[in-house]
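K.L.:
This is the structure I have questions about; it appears just below.
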Amino acid sequence: MKFLLVLALCAVVYAKHEAYIGWKSYYVGVATDAQAKALEPLIQKYELDFLSHPTKSREGVVLVKPQHQAGFVQDIEAGGITYRIHADDVKRQLEFDDQLIEMQRMSSFTRTAGRQLPYDNYQELEVIDEYLDYIGEKYPDVATVVNAAESFEGRPIKYIKISTTNFEDENKPVIFIDGGIHAREWISPPSVTWAIHKLVEDVTENDLLEKFDWILLPVVNPDGYKYTFTNERFWRKTRSTNNNPLSQICRGADGNRNFDFVWNSIGTSNSPCSDIYAGTSAFSEVETRVVRDILHEHLARMALYLTMHSFGSMILYPWGHDGSLSQNALGLHTVGVAMASVIQSNALPNFPPYTVGNSALVIGYYIAGSSEDYAHSIGVPLSYTYELPGLSSGWDGFHLPPQYIEQVCRETWEGIVVGARRAGDLFRK
């Protein structure tokens, strides 16, 4: 049995990650705003991929390709920017992570009688889609699966509607939660599927089912999500191409820069090879159009929009493009703090505390075209980005060990419960 386990782990380890041969990751620290600004041109110059951006209060982590490492180090040393090695061999670290995932899979296989659940491990897209179909078939009185569209590569973009009144009661507020806009943020989809589980399979808050209508979209970006399992673990964007010949080499757009609110004005890129490429136009991506259409279809009753990202233990609200505050800033902050407080009371002690605030001010940089800002701009009163927790600013921040997935799902659900009830109170006033 032990021999078979070793063979299984080896098969996982050597199956992928060749794209990251020779890559390293670095901790990067900045002491001044000028140093933070000096990093910006290096992103394009050296094709840097920041897993987390540095601020004056915390280090960031950046991935660097082998051909750029010497130049990158030389430039940041010249600018007085501090750095240290985070992972000397990114490929080897990813192989170790794969072992943890496979061990978790084997452990849960026995616990769940062979059934793969989308919230007890980092599961492939097919497992998530099968779960949605299972819920729709087993609970047809309250759950309806919607195949909203096909992704660029032809995969279904599925979401589930949960309602005791078939979405026909105009007095019920609508809660919309999505995940997986950024393909590599693997903790995001489980947090959404756990919410489905709690609303349908393991109901402990009956009022949430009776008094609200729910829309839950676990994977906005199925093409990108699938690609992170088969090719590049740190892929972030969609997988589309366009008339620009460069897009055949550098595919996709950043879904969270593709929404039509001050689109492509700041914190984005016009280069298809950039991880923050805003696309050829607002809503150029079918994936973001699905989110847009859901928001507009139910806008009159849309009381709360949550988009799940990672990482950082943050609850963020508009406006992210310039750091200004919404007219509803007090309400946004009050509800955000209430959600964060209950999450914190249910969190493990080794998880960092949640921070609540304006997106740009908390994360330390501006972005245009986000789903959070767009939803608020069209009239959704409470619109938030959840940056789900990690164990550190390093590897275990971005790639949370799989044994912590269910814990994150549980505590995040408690925040959703509070947010929904607060949103319902405001909706009914």
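Including glycine, each Cβ sits where the backbone N, Cα and C put it.
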K.L.:
Name the residue from Cys273, Cys409 that Swiss-Prot records as disulfide-bonded to Cys250.
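P.N.:
Here Swiss-Prot pairs Cys250 in a disulfide with Cys273.
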K.L.:
Measure the Cβ-based neighbour count of Glu185 (Zn(2+) binding site), defined as the other Cβ atoms within 10 Å of its Cβ.
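P.N.:
Looking across every protein chain shown, the total is 22.
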K.L.:
Quick check for you: of the recorded positions Arg236, Arg257, Glu387, which have their Cα within 10 Å of the Cα of His309 (Zn(2+) binding site)?
P.N.:
Glu387
K.L.:
Arg257 (substrate binding site): which of the recorded positions His182, Glu185, Glu387 is the nearest Cα neighbour?
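P.N.:
Going through His182, Glu185, Glu387 one by one, the closest to Arg257 (substrate binding site) is His182.
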K.L.:
Round to a whole number and give the Cα-to-Cα distance in Å for the pair His182 (Zn(2+) binding site) and Phe311 (substrate binding site).
P.N.:
11
K.L.:
Just the number: how many Å between the Cα atoms of Phe311 (substrate binding site) and Glu387 (active site, proton donor/acceptor)?
P.N.:
5
K.L.:
Could you tell me the C-alpha distance between Arg236 (substrate binding site) and Glu185 (Zn(2+) binding site) in angstrom, no decimals?
P.N.:
8
K.L.:
Sorry to bug you, but what's the C-alpha spacing from Glu387 (active site, proton donor/acceptor) to Glu185 (Zn(2+) binding site), rounded to the closest Å?
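P.N.:
That separation, Cα to Cα, works out to 10 Å.
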